[in-house]
Amino acid sequence: MQSWSRVYCSLAKRGHFSRISHGLQAVSAVPLRTYADQPIDADVTVIGSGPGGYVAAIKAAQLGFKTVCVEKNETLGGTCLNVGCIPSKALLNNSHYYHMAHGKDFASRGIEMSEVRLNLEKMMEQKSTAVKALTGGIAHLFKQNKVVHVNGYGKITGKNQVTAKKADGSTQVIDTKNILIATGSEVTPFPGITIDEDTIVSSTGALSLKKVPEKMVVIGAGVIGVELGSVWQRLGADVTAVEFLGHVGGVGIDMEISKNFQRILQKQGFKFKLNTKVTGATKKSDGKIDVSIEGASGGKAEVITCDVLLVCIGRRPFTQNLGLEELGIELDPRGRIPVNTRFQTKIPNIYAIGDVVAGPMLAHKAEDEGIICVEGMAGGAVPIDYNCVPSVIYTHPEVAWVGKSEEQLKEEGIEYKVGKFPFAANSRAKTNADTDGMVKILGQKSTDRVLGAHILGPGAGEMVNEAALALEYGASCEDIARVCHAHPTLSEAFREANLAASFGKSINF
């Protein structure tokens, strides 16, 4: 394998970095102060300030492009930062602490508490404080990198023009060389069920409930469903998830991991009805909700009554009223914007990234696309391997994976070998009294190359990044097994699983 310095020199000789740095020296990055009736001139205009949009805007400015970012909401950061990834992680973390203190976990560690009370208002306040700090951080980064922020609903009104409609009805026109659509996604509605964000809620409403419901039904046991269901189950709700598929964890999860994950969640008190569909929901006079369900392929009907119904059946691209139809840009059958490998639409100077294009709807996938898309505008290469994009479920224990699952390898006819290591045999997990789960490695039988990594256990969301690095650079299971890992750490389980995959046996199990 080439050293990084040799790779860097090789790329430099090919002119990739020089084209980006020298080709843009004459481009100004100074923001313009304008009046509403005076157009802004820009090199790149990004519509949307979520993880893909704001990162793309900053990178574009760093490359020397005069950059504008248009955002319809009052705060920057998109769904992820305001009503998604970030606030949900705050609640997941704090609800886990409460669960440990309220249950027998603390007592088993010699920590005795006479009374544990939940102050939900304070918990929500901590969540909001974290969100506010991070949204303010993006605003600071925009100023630091000289990105012009326009608050308004962005619509493409020409091949080289974006018009932002502001809350007061005024408009701001931006004349621009390139347009990048990064408008993200929105909650997919459930046919026949109206979300009021009070008792029938989407993920947005579930992040701001005023009290812990006695009973909650979650439609969908994918990533968002199990995460938010876990929050309220830990805080005291009786939670049942109804899932059309026969497993929990959503698309891409390894089935062995999914089964073990479901078992652990059930042990915690989370209930599941798999291979089951919701046929309707009715609000009663007492405020409770009757949820009608039956088998996915038909069968006996049943009614579950709850205080809060959480709808988590996925998300859909947000592409409405962007002006795409007028430009002749047609959406695919799933409502996504078709793009080429450089993220260009059928109009070469109009690009799209993130949830509005094909691929997993993940914040970090959008970030990567945003960076390489604007590098491509500057003449650079646009490399991305979607097989190396990790997925994480932030419950406790966490679930994380990257690469292929066993089911995918079987379907593709690829011969593989498996290495496993349980956290019960890991010394750090033992000292933490947190031993549920395992690491599972899939390697190519003929070459030993890592094909997939699947982790169920403490710290899985951090550990999976080591696996992503291995996949990105084509590492073998032996490569990882021969890297010295600090002791005692949870990541030793990752090394041991690779030992098992490469040599047929781990050391400590």
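Glycine residues also receive a Cβ, built from the backbone N, Cα and C atoms like all the rest.
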Inset, instruction - Look at the NAD(+) binding annotation in Swiss-Prot, where Gly220, Ala221, Gly222, Val223, Ile224, Gly225, Val226, Glu227, Glu243, Gly314 are given, and name the residue from Val278, Val339, Val356, Val357 listed for that site too. - result: Val278
Legend entry - Site diameter for NAD(+), Å, by largest Cα distance between Gly220, Ala221, Gly222, Val223, Ile224, Gly225, Val226, Glu227, Glu243, Val278, Gly314: 20
Inset, instruction - For Lys277 (N6-succinyllysine), find which of the binding-site residues Thr183, Gly220, Gly222, Glu243, Gly314, Ala363 come within 10 Å, Cα to Cα. - result: Gly220, Glu243
Inset, instruction - Fill in the CA-CA distance, Thr183 (FAD binding site) to Lys430 (N6-succinyllysine), as an integer in Å. - result: 45
Legend entry - Around the Cβ of Gly222 (NAD(+) binding site), the count of other Cβ atoms that are within 10 Å: 21
Inset, instruction - Run through the Cβ atoms and count how many others sit within 10 Å of the one on Val226 (NAD(+) binding site). - result: 29
Legend entry - Most Cβ neighbours inside 10 Å, all chains, among the modified residues Lys66, Lys122, Lys346, Lys417: Lys66
Inset, instruction - In whole Å, note down how far the CA of Gly220 (NAD(+) binding site) lies from the CA of Ser285 (phosphoserine). - result: 26
